[in-house]
Amino acid sequence: MSDQAFYSALQTKLDTLQTEGLFKPERVLASRQGAEVVAADGRTLINMCANNYLGLSGDLDTQKAAEAALQKYGYGLSSVRFICGTQTVHKELEQKLSDFLGTEDTILYAAAFDANGGVFEPLFDENDAIISDALNHASIIDGVRLCKAARYRYANNDMADLEKQLVAATEAGKRHKIIVTDGAFSMDGTIARLDEIVALAEKYGALTMIDESHASGFMGKTGRGTHEHFNVMGKIDIITGTLGKALGGAMGGFTSGRKEVIETLRQKSRPYLFSNTLAPMIAGASIAVLDRISNSTELRDRLHENTAYFRKEIERIGFTIKPGTHPVVPVMLFDAPVAQKFAARMFELGVLLSGFFYPVVPMGQARVRVQLSAAHTREQLDTVLKAFEQAGRELGIIKN
Ligand SMILES: *Cc1c(COP(=O)(O)O)cnc(C)c1O
C-alpha cells in the first residue's frame, strides 16, 4: 500500500474509459435468467441479449437435473481431475458430448476460455503453423499466444486470404498446419464457411479446429453444430465449445476430437491439469440437456422460427440488419451515439439489448445486437418489434 501512484494511474485509466463511453457497467438482475428478467429495481424486461439460445438457462428441468446430480455427487470435489476429481458423471458427460458432436473423445474444462487457452501449447510447437481467422474469440487469441507455433491470420471468413496464408505456411516449410475459426461469429452472426475451409484444409494437408460456443446445440439439422450445418461432420479435427450458452448456461467448456488429441490434452493441458474439476451438478445438468436436445429438435426448431420471424419483421419495419440465419441479429445503426441512445431508449421501453460501437466493432458499424431464444414467445417478439419501431421513429432511424 505504499505506491499511491499505482492506484491513481488506474483511476485515471478508468476515468478515460468512462469519458470514451467504453466503461462496461454491470446490469444487475433480481431474477433467474430467461426470456423475461426482473431488474434490481423491480422492472420486468424482455431479454434480448443472453446467449440463452435454447432457453435452458433458468429452465426448471435443467435445474431439476442439476439438483439430482447435487444430491448424488455432492457440491464439489476440491480436486483437479487426475488426482481425485473425476466422477462417473464427468466420464458420462464426456461420452455424451463425443456422441453428440460425432467425435472419438472429449475433455471437460471449467470454461471454453480454458479449453481454448489450453489446446494449442500441448499440440503444436515452433515447427508448426496456426492459421487463425481475424475475428476469432479472445480465448483463441490468448491460447495461440501461449504456444510457440508460427501465427498466420486471415481476414474474417475470407477464403482467398485463407488460401494465401496456407500457401505462405507451406512455403515456410511448416510441419503441421491448423486452420482455426469460430463456427459462428458472435458480433455479426456470420457462420464460418466450413465446407470451403474443409476443402482448403484437404488441398493443403492442414488440420481444422472450430470453436462452437455460438453453435453447439442449435446449428445444423439436429443441433450438432456448424459442422452438421455444412455437412462436414467427421471432417473437423478439433471442436471446442461452452456449456455456458445454449447447452444449459451455467459454465464449463470442452475440447473434442480424435482420442490421441484428447489424451494428450489430459496429460499436458495446463488449465485442465492445474484447475479444479467441473462441479458435478453442472455435469449432471449438461447430460440432461444433451439427452433432451438429442431426443427432440423442438427447442432448436422454435429458436430458428423465432429467428426467421424477427429477421423478417425487423427489416419490414425499416431497419437494416446483417443478413443471415443465425439467432445473433445485428441491427445496424452505424453511428455510435445513435446506437447508445437507441439501447438506452429500448431499456426505458422494457427491452434489454446491448449496443456495440468502435473499437468493439469497426468504425461506422455501430449497432444493437439482438439474440433470439427458443424461450421467446411470439407476443414477446411483437412487443420488442413495437419498441424498435417506436424508438426508431423517435430517433429518426426509420422514416415511413
Ligand atoms: C463465449 C465464448 C467463449 C468462452 O466461453 P466460456 O465457457 O464462457 O469461457 C469462447 N469462445 C467463443 C467463441 C465464445 O463465444
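Using N, Cα and C of the backbone, Cβ positions are placed for all residues, glycine too.
When the candidates S132, S186, S296, S354 are compared with the pyridoxal 5'-phosphate site entry in TrEMBL, which names D211, E212, S213, H214, T242, L243, G244, K245, S275, N276, the shared residue is S186.
Selection of the binding-site residues H137, S186, E212, H214, L243 by a Cβ distance under 6 Å from ligand 1 yields, in sequence order, H137, S186, H214. You'll find the Cα of S186 (pyridoxal 5'-phosphate binding site) roughly 9 Å from the Cα of H137 (substrate binding site). Taking all protein chains in view, 25 other C-beta atoms sit within 10 angstroms of the C-beta of K245 (pyridoxal 5'-phosphate binding site). Among the binding-site residues S186, N276, the residue whose Cβ has the fewest other Cβ atoms within 10 Å is N276.
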